[in-house]
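Participant: These came from Swiss-Prot, pasted as-is:
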type: SITE; residues: Arg20; note: site 'Important for substrate specificity'
type: ACT_SITE; residues: Asp83; note: active site, proton acceptor
type: SITE; residues: Thr84; note: site 'Important for substrate specificity'
type: SITE; residues: Gln167; note: site 'Important for substrate specificity'
Amino acid sequence: MVTIWLGSGRMLVLASASPRRAMLLEAEGFSFIRVEADVSEVLPQGISPESAVKGLALRKAQAGLNRWLNHGGSREDIILGADTIVVLNQQILGKPRDEEEAEAMLTALSGQTHYVYTGVALVNGAGRQECGAVCTAVFFRSLTHEEILEYIATGEPVDKAGAYGIQGLGGHLVDHYEGSLSNVIGLPMEYVKERLSVWGMGLGDIALHEVKDGLPSVKGST
């Protein structure tokens with residue numbers, strides 16, 4: 001049994017396997033449950049970056065909602081889905097499939113300005129939904145081929161859009177950025193907190209939930 005503290009008598013459900021998104025929510029004091037949200041991330045040709053991340057975030061949130069309801073979750077619980085992409089010269093860079101693709105991405109990013117878009121979607125089982133996107137400009141310093149290979153050898157680029165993680169060793173590749181840092185990591189927390197507040201979920205009005213065998217129930221409130 002896991003005890004979860006959340007505001008407004010509802011649960012926040014993160015439809016993502018990303019440890020970075022979980023870390024960002026935890027750092028802001030939110031408690032939540034995580035569910036898998038496996039969706040195809042194949043994008044149609046010619047789609048804009050903002051439309052791409054908003055669409056994928058919404059699909060992830062809806063997949064997470066279906067999974068949550070199938071496990072007995074409340075229709076009033078809030079499901080959060082997100083997706084992050086890197087855009088360089090109007091080309092969308094996703095997660096590298098292998099080290100060779102990671103090398104190509106990092107070589108292209110070297111000495112250039114790129115843009116990180118994260119789409120954020122909130123849905124519940126009562127039919128309410130919304131999605132938005134946040135963009136941050138990131139300026140890479142010029143990298144040597146040796147630096148690129150050394151970074152790839154750390155294994156860090158494997159599961160990250162654009163083949164780098166600004167919160168880890170990849171931070172040394174960045175000269176500076178303009179906008180939200182948490183957006184580059186995977187979840188724009190300034191935006192997320194504002195939208196959750198609109199949905200009536202904050203860190204006050206606490207209710208105690210128990211999750212047993214995947215089935216949530218309210219135990220009591222303060």
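Heads up, residue numbers simply count up from 1 along the chain you see.
Glycine residues also receive a Cβ, built from the backbone N, Cα and C atoms like all the rest.
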Participant: Which entry in the list of recorded sites, Thr84, Gln167, has its Cβ near the fewest other Cβ atoms, using 10 Å as the limit?
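Facilitator: Counting other Cβ atoms within 10 Å of each of the recorded sites Thr84, Gln167, the minimum falls on Gln167.
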Participant: Which of these recorded positions is closest to Arg20 (site 'Important for substrate specificity') if you go by CA atoms: Asp83, Thr84, Gln167?
Facilitator: Gln167
Participant: In Å, rounded, how far does the Cα of Thr84 (site 'Important for substrate specificity') sit from the Cα of Gln167 (site 'Important for substrate specificity')?
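Facilitator: Roughly 15 Å, rounded to the nearest whole number.
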Participant: If you measure Asp83 (active site, proton acceptor) to Gln167 (site 'Important for substrate specificity') at Cα, how many Å is it?
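Facilitator: The Cα atom of Asp83 (active site, proton acceptor) is 17 Å away from the Cα atom of Gln167 (site 'Important for substrate specificity').
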Participant: List nothing but the one residue from Arg20, Asp83 whose Cβ has the fewest other Cβ atoms within 10 Å; the candidates are the recorded positions.
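Facilitator: Each of the recorded positions Arg20, Asp83 was scored; lowest Cβ tally within 10 Å is Arg20.
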Participant: Work out the three-state DSSP category of Asp83 (active site, proton acceptor).
Facilitator: strand
Participant: Give the helix, strand or coil assignment DSSP yields for Gln167 (site 'Important for substrate specificity').
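Facilitator: Assignment for Gln167 (site 'Important for substrate specificity') reads coil.
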Participant: Can you tell me the three-state DSSP label for Arg20 (site 'Important for substrate specificity')?
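Facilitator: DSSP call for Arg20 (site 'Important for substrate specificity'): helix.
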